[in-house]
Amino acid sequence: MESDEAAAASPQATTPSGGTGASAPKKRGRKPKSKDDSQTPSSQQQSGGKMKESGKKTTQQPSVDDKYSQWKGLVPILYDWLANHNLVWPSLSCRWGPQLEQATYKNRQRLYLSEQTDGSVPNTLVIANCEVVKPRVAAAEHISQFNEEARSPFVKKYKTIIHPGEVNRIRELPQNSKIVATHTDSPDVLIWDVETQPNRHAVLGAANSRPDLILTGHQDNAEFALAMCPTEPFVLSGGKDKSVVLWSIQDHITTVGTDSKSSGSIIKHTGEGSDKNESPSVGPRGVYHGHEDTVEDVAFSPTSAQEFCSVGDDSCLILWDARTGTNPVTKVEKAHDADLHCVDWNPHDDNLILTGSADNTVRLYDRRNLTSNGVGSPIYKFEGHKAAVLCVQWSPDKSSVFGSSAEDGLLNIWDYDRVSKKSDRATKSPAGLFFQHAGHRDKVVDFHWNASDPWTIVSVSDDCETTGGGGTLQIWRMSDLIYRPEEEVLTELEKFKSHVLTCASKP
C-alpha cells in the first residue's frame, strides 16, 4: 500500500491556480472561481486596507494573514489537539471512516478525502490513515508548531482510487463505513468498497478505477446532494433535474451494509477497467418531484429510512415520506432568503432540522411547526457568518450542538441551549455561538464530526483564492474547558489554582 512521508509540499510551487477544466465553476462557491471574480475573498483582502471613495476616514481591516496569525497564537489556549495537513490538490469533501485500533495515547482511523486536479493527473478518491491523539495528551506548546506548507505526520495516504471525474462529495454507509458513495459531475452515484478496491498510481493516462456499483435514475447531473441512511443501506441523492432519488443497495445484493464485519465486495471482482459502464448498476426505488430548481442537499430522518428531506436553489425545504408516494409531505417556501446549500436532521431529536444558505444564515426548523402563513417559520435564525453557508452538521456528542462552515473561512460551533441564556450578551457574539474555528484561510467546503472520538472534527478548505491552489485539511478538538458545564470547569480550575499556590509557597 502507498504511504506518504510527512514532507513539505508547497501549494504555491506545485499546484495550479484553478480547479478542473472539465466543468464551469458552480455559483455556490464549492468549485474554484475565476481569477477575475471581483467578489473573491482574496481580491477583498488585497484592497481591504484602501480608503473608501467617499473620502471619509476609514480604519484598515486586518488581512486574512493577520487574522490567521492571531488565531495561531491562541491555538495552545483554545485547542486540546490540532493537526494541520497541506493538500497539493483541493478536496471538496472529507469524511471519517472506521476506527482501526485504539492505543494508549492515540487511535488510528480511516479518513476519506479527494484530489480535485487540473487534468494534468487524474482526479482521485483518497483513503488515508489518521492518528487521532486522545484528549489531554498533546502538549500545548507543540500543537501550534506546524508548517502550513507541510503534510501532517498524523495523516498518511493508504490507498488511491482513480475516480471517473472530480469527487464533489463523499458519504460513508453508517452500517458499514468501508462502503462509500461519491458524487461527480454526472447523473450517477458511484458506490465503492474501499477495502477491496485495488490501490492505483495516479498518473496521466491511467485508466479509471471501476466502481463496485452505479446507481442510476437522475436525468441530469447530480453533483452535491448525497446522503446515506443511518438505519438501512439506502442512498439518497438530488440533482440539476430538480428531483430527489432513493435507492437501496440491497436491491443489488443483500449482504452488503448489513454485516459491518464483512470485508467482501459488493461485486465478486473489482478490476481496473477504463469504463465505469462495466460496473453493475441498480435503478431507483423512487424518484420524488417537488423542487423547482437544483436540489443542493438531502438528509434522511434518523429514525426512518422512508422519511427524508431536501433543500435547493428554489429556497425550499421539502419533507418526503416514501410510504405516501412521490409528492412532498410538506413544502416550506422561502425557508431562507436565498439558495439553500445544506441540510441536516438531528440524530438525537427527529423533530429538529438545520438548514444553511447563501443568505449567510443557519436556520433551525421544527418539523411539527414548519410554516407560518405559507412561508418558512424557523425556531431560530443563527447569524454569525459573513458569507454563504456551505455545510451544517449536528454534533453526535450533544443534542443541542452543531457546526456550520462557510465561504468566510470560518467553522462555527453553536449550542442552541445557550440561545435563551443570554450569557454571551457581554461579548457581543451571536447568540448560541460558543466556538469559532478560524484556522482556514479560505472557504471551508466540508467538515465532519468524529463519532468515534468525541468533540473531534476534520475540516477542509479550498485554498485556490488565497494561495493559488491546493487546500488545507485540519483535524482538531477544542479544549474541554470550553464545552463542559461551567460549574465543573470552575471546580477544576479552583483545584488547579490551589495546586499552583501550594507549589509557589514551597521554597
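A Cβ is built for glycine as well, from the same backbone N, Cα and C atoms used for every other residue.
What TrEMBL annotates here:
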| type | residues | note |
| --- | --- | --- |
| COMPBIAS | 1-17 | compositional bias 'Low complexity' |
| COMPBIAS | 39-49 | compositional bias 'Low complexity' |
| COMPBIAS | 256-265 | compositional bias 'Polar residues' |
| COMPBIAS | 269-278 | compositional bias 'Basic and acidic residues' |
| DOMAIN | 66-133 | domain 'Histone-binding protein RBBP4-like N-terminal' |
| REGION | 1-66 | region 'Disordered' |
| REGION | 256-289 | region 'Disordered' |
| REPEAT | 288-330 | repeat 'WD' |
| REPEAT | 333-366 | repeat 'WD' |
| REPEAT | 382-415 | repeat 'WD' |
Contact set, same chain, for the repeat 'WD' (333-366): CB under 8 Å, 6 or more residues outside the stretch: 27-28, 230, 293, 296-303, 309-313, 315-317, 374-383, 385-394, 396, 399, 402, 404, 406, 414, 416
Residues of the repeat 'WD' (333-366) by DSSP state, where helix covers H, G and I: 0 helix, 19 strand, 15 coil
Number of helical, extended and coil residues in the repeat 'WD' (288-330), per DSSP: 3 helix, 20 strand, 20 coil
Arithmetic mean of per-residue pLDDT over the domain 'Histone-binding protein RBBP4-like N-terminal' (66-133): 96
For the repeat 'WD' (382-415), the number of residues DSSP places in helix, strand and coil: 0 helix, 19 strand, 15 coil
For the domain 'Histone-binding protein RBBP4-like N-terminal' (66-133), the number of residues DSSP places in helix, strand and coil: 13 helix, 37 strand, 18 coil
